[in-house]
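Feature annotation from Swiss-Prot assigns compositional bias 'Polar residues' to 119-146. Swiss-Prot lists 217-240 with the feature compositional bias 'Basic and acidic residues'. The feature domain 'OCIA' is assigned by Swiss-Prot to 1-112. If you look up Swiss-Prot, you'll see Ser108, Ser116, Ser123, Ser193 marked as phosphoserine. Here Swiss-Prot flags 113-150, 171-198, 217-247 as region 'Disordered'.
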Amino acid sequence: MNGRADFREPNAEVPRPIPHIGADYIPTEEERRVFAECNDESFWFRSVPLAATSMLITQGLISKGILSSHPKYGSIPKLIFACIMGYFAGKLSYVKTCQEKFKNLENSPLGEALRSGQARRSSPTGHYSQRSKYDSNVSGHSSFGTSPAADNLEKEMLPHYEPIPFSASLNESTPTGITDHIAQGPDPNTEESPKRKNITYEELRNKNRESYEVTLTHKTDPSVRPMQERMPKKEVKVNKYGDTWDE
């Protein structure tokens, strides 16, 4: 044994490449025949019946007064519209049938492209089933193919865990090896800055009174008085009759 597991199934089919179908693709004679057949069948078996049915329904709705007719052309515009819608609905409803016709062609690149696209859409379920088979094969090989060297390598890769020492006494409730690494709380000595002292109403009142007294003393200070008040008055003499004169 070379130590490698072969995951390929003996009867697995190699997927064939999808042919490129572009705008410049030239269809084969068989494909042209199928195109003409699909065109005729979709017209006679789908478009004509649906167009006729839609026109009859439209005419019935107009006659009952559910749909209003044109004042000049009558019901002709609505009937033409119903016919066109029925024609395209018939063409679209025949697309699946036409695709099946192309898939049944053996030597058709277009049919091969359609088959490959359908296989790819349905491939996830098969992919998961094959994957489960591969997983079972891998587990089988791993169960029978283990060696002492592989066991030693696995032991080396596993992490080594050392037991945490616990105190032998019953009074201690925490391991001795863990408390060393517990994050300590904030130091009580390092307190926050002192909070701002609350000012009472009496203190505020005293401060206002002091400031008022200071301003009052500034007003009554002689150095601040106006010049006229500080100028000395002249002496005036008064006689016995109350008359005054200056010397």
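Glycine residues also receive a Cβ, built from the backbone N, Cα and C atoms like all the rest.
Among the listed modified residues, namely Ser108, Ser116, the Cβ with the most fellow Cβ atoms inside 10 Å is that of Ser108. When the Cα atoms are compared, Ser116 (phosphoserine) and Ser108 (phosphoserine) turn out to be 12 Å apart. Residues belonging to the domain 'OCIA' (1-112) score a mean pLDDT of 86 in the model.
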